[in-house]
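**Student:** So Swiss-Prot lists these for the protein:
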CARBOHYD  ASN13  N-linked glycosylation site
DOMAIN    69-128  domain 'Collagen-like 1'
REGION    71-568  region 'Disordered'
CARBOHYD  ASN83  N-linked glycosylation site
COMPBIAS  88-112  compositional bias 'Basic and acidic residues'
COMPBIAS  121-435  compositional bias 'Basic and acidic residues'
DOMAIN    143-502  domain 'Collagen-like 2'
COMPBIAS  444-523  compositional bias 'Basic and acidic residues'
CARBOHYD  ASN502  N-linked glycosylation site
DOMAIN    506-565  domain 'Collagen-like 3'
COMPBIAS  531-561  compositional bias 'Basic and acidic residues'
CARBOHYD  ASN637  N-linked glycosylation site
CARBOHYD  ASN658  N-linked glycosylation site
CARBOHYD  ASN667  N-linked glycosylation site
REGION    730-802  region 'Disordered'
COMPBIAS  752-765  compositional bias 'Gly residues'
Amino acid sequence: MNYQYTNYCCQSNITLPNSLTCTNAKIYVDVGRPNNCLGNDGDLYLDTNTNNLYYKIDGVWTLVSNLRGASGAQGVKGDPGSNGSKGTKGEKGDKGDKGSKGDNGEKGEKGDAGLNGLDGSKGDKGDDGSKGSKGNKGDAIKGEKGDKGEIGDKGDKGEDGLKGVKGDVGDKGDKGDKGDLGLKGVKGDKGITGDKGDKGEIGEKGNKGDKGDVGVKGDDGTKGEKGEKGTKGDKGNKGDKGEDGLKGENGDIGDKGDKGSKGEDGLKGDKGDIGDKGDKGSKGEDGLKGSKGDKGEIGNKGDKGDKGDIGIKGDKGDIGDKGDKGDPGLKGEKGEKGDKGDIGDKGETGSKGSKGDKGDKGDKGDVGDKGSKGDKGDIGEKGDKGSKGDKGDKGDKGDKGDLGDKGDKGDKGETGEKGSKGDKGDKGDKGETGSKGDVGLKGSKGDKGDKGIKGDVGDKGDIGITGDKGDKGVKGDKGDIGLKGDKGDKGTKGDKGSKGDNGSKGETGAKGDKGDKGDKGIKGDTGTKGVKGDKGSKGDKGDLGDTGIKGDKGEKGDPGIKGEAGTNSPFIGTFIDNVPGSGTTIVPFGAIFAYLSAAGGGGGGGGISDGNGSPGGGAAGTVYLYPLTVTSGLVVNYTIGSGGTAGTPVAAGGAGGNTTITIGTLNFTLNGGGGGGIGGTVGAINGGAGGSVTTPLGTTPGGSGGVGNGGPLPGNGQVGLFAFSGAGGGQARTNGASTGGFPGGQTDSNTFGGGGGGASGFAKGGDGEQEIPTTIPAQSGTLGSGGGGPTDVSASGGRGGDGFVRLDYYSA
């Protein structure tokens, strides 16, 4: 397998702690425990009998780990691994002799689909087959619409076009994309798999099917918002003079509400003037019938006055154009007579009639029988407000009549004596059917109608002319998947007829019973070939084609130039990353052993707030040449800690970030060093503490930071197996502590010098700032060591050193 490597380089040296000597370290592999006479410090020994790994230190072989480990519980099945890198290309083989072409075999019976054959080499282009003849087009007879029939029998299969002449079998080509699914023919003898034919023409568009039966009236929709104000109606004829009623105050004309869903039928009021018919909207939900204005309180019936002149009837509004009639819904059951509806919005005041003669006061008439409530007329559109008429003479106050039924609120006239309720006007002529009212709220979607019987399987559409046999084998661009052919002998599905115009939406009645399935529409004539449709759904999987003949073996390539003789070294390469942040790397091909070296981020030197010096930062924990067994392709995950920020006059030094590494089941944590405090601040002048190290072999604690005001000096880092903890940073005028032979940062003890940074396992700590004889600013740490502390000259400490990760790979 080949792997792509990043950040690999040739073997480079790693600075050793001064306390170790690992020059020319070796790895021994043998059976049994090693003898201390064998090898030198720094060597490794693998006992193949027990898989124990030993490391020689101070002349003694020390057991550090067992590579086998106890069998763990069966893990959860992992996700499929990514494809491995492509292997190296083998040498080209010799070209084989080309076999002579065999005779075509007899056509055999169609067998079961075989397994997919191996992809062959691209074969030679086969000869084009003859184009088959186009089959005859079947006639589509339109029958009369009858009752919904059962799904018809499957139509006869149209005649297949002539089969193209079989071309010579070419060498097996690369496996092509699945071709369009052709019409399934009658299963015949297994033929030679032909090449994909040209896409047949799309059938002609079918005739529009007969209109389906009217659905059952849906439930009444909810009352809609009040509709928009309509145009002013034509002036009506002058009616008989009514008795002067008490003239009410002119009310404000209410805004016409938005049309809402259809409300419950109220009591049918007197028929109003027919308003202009509005333009037919798209059939929508029945809007709410315009809300009637608020019902006024019934006033005391005034004395019957003389009948005043009836105001001139407004001109009748022009009848609007009749909208297209929608499909009528089934007439719903007549609803119960509803409560009298609220009084509608006040219409515009009609032209003032001429003043009538004052009549004699009449005797109080008997209360007439209440007339039967007339059918409620269609509510006309609200007319424009007419000019106010002249005030008539006040008639003599008549006897108070019985309270009549509240009529629809008329136009407010001038206040006269309240007259007896006028006779109910004749029912107006029924207005022309307005455009079908907006359909009430759309009823819940009815059960999906049975799928219209699939048009009788149309006569099998003309079979597309058998395409010329394409070049066999060459993998063409994947063709557009054709329209999915009807399975089996079914004729090609005709184009879906264009959607019929939506009829005006009828009033939504109560949800009716599921209607009978509509009659199947006559299959329309085949339309002209349409533009290429969108890619159709994937057709049924075709029969497995015959395995093509394996191509000839390619010619053997020229031998490559002989490479230079390599050195016999097990070293493969080194991976290094010293940029803070997270990353991954992959164990390279051939590697079975590796050494890990890494460091966390060092702590930053402190700040200063007065003339005293400030402490240094602590160093991070480190790992040095930790031995590992690895496998090619293993992913190593890591996070590199950054060095702590330098202190300022108002802020202490920042702590270094932790470095973590995960290699298989092994985890390493290298804690960053602590930041130095702020000089001159009580309780905050201590040096930063060193970071600890945790490996599979245990935890090594870090050194403590120096304590200000004459407290304890900083603690040195500790040495563990392949691990060095960070040393503590020194307080003001104190050197930082050391680790593994690397000293801490130095300070100028004769002045108010800054404390030195702690040392890491790979570098000395940053020196503190000095003032005499010249001012030298505090130094930053490197490779995880701590930064030096400042004096009051700069007041800012050195930054902590960033961490890093390094892996050296070996094949043996």
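Counting begins at 1 with the first residue displayed.
Note: Cβ is positioned from N, Cα and C throughout, glycine not excepted.
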**Student:** With helix taken as DSSP H, G or I, strand as E or B and everything else coil, how many residues of the region 'Disordered' (730-802) land in each class?
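**Tutor:** The counts are 0 helix, 5 strand, 68 coil.
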**Student:** If you measure ASN658 (N-linked glycosylation site) to ASN637 (N-linked glycosylation site) at Cα, how many Å is it?
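**Tutor:** Answer for this pair: 14 Å between alpha carbons.
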**Student:** ASN637 (N-linked glycosylation site) has how many other Cβ neighbours within 10 Å of its own Cβ?
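**Tutor:** Its Cβ shell of radius 10 Å holds 13 other Cβ atoms.
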**Student:** Cβ-Cβ under 8 Å from ASN667 (N-linked glycosylation site), same chain, 6 or more residues apart: which ones?
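**Tutor:** Listed in sequence order: THR660, ILE661, THR694, PRO696.
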**Student:** What number of additional C-beta atoms lies within 10 angstroms of the C-beta atom of ASN658 (N-linked glycosylation site)?
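**Tutor:** Its Cβ shell of radius 10 Å holds 20 other Cβ atoms.
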**Student:** Helix, strand or coil: which one is ASN667 (N-linked glycosylation site) in, per DSSP?
**Tutor:** strand
**Student:** Tell me, roughly as an integer, the mean pLDDT over the domain 'Collagen-like 3' (506-565).
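**Tutor:** The answer is 58, the mean pLDDT of the model over that range.
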**Student:** Helix, strand or coil: which one is ASN658 (N-linked glycosylation site) in, per DSSP?
**Tutor:** coil
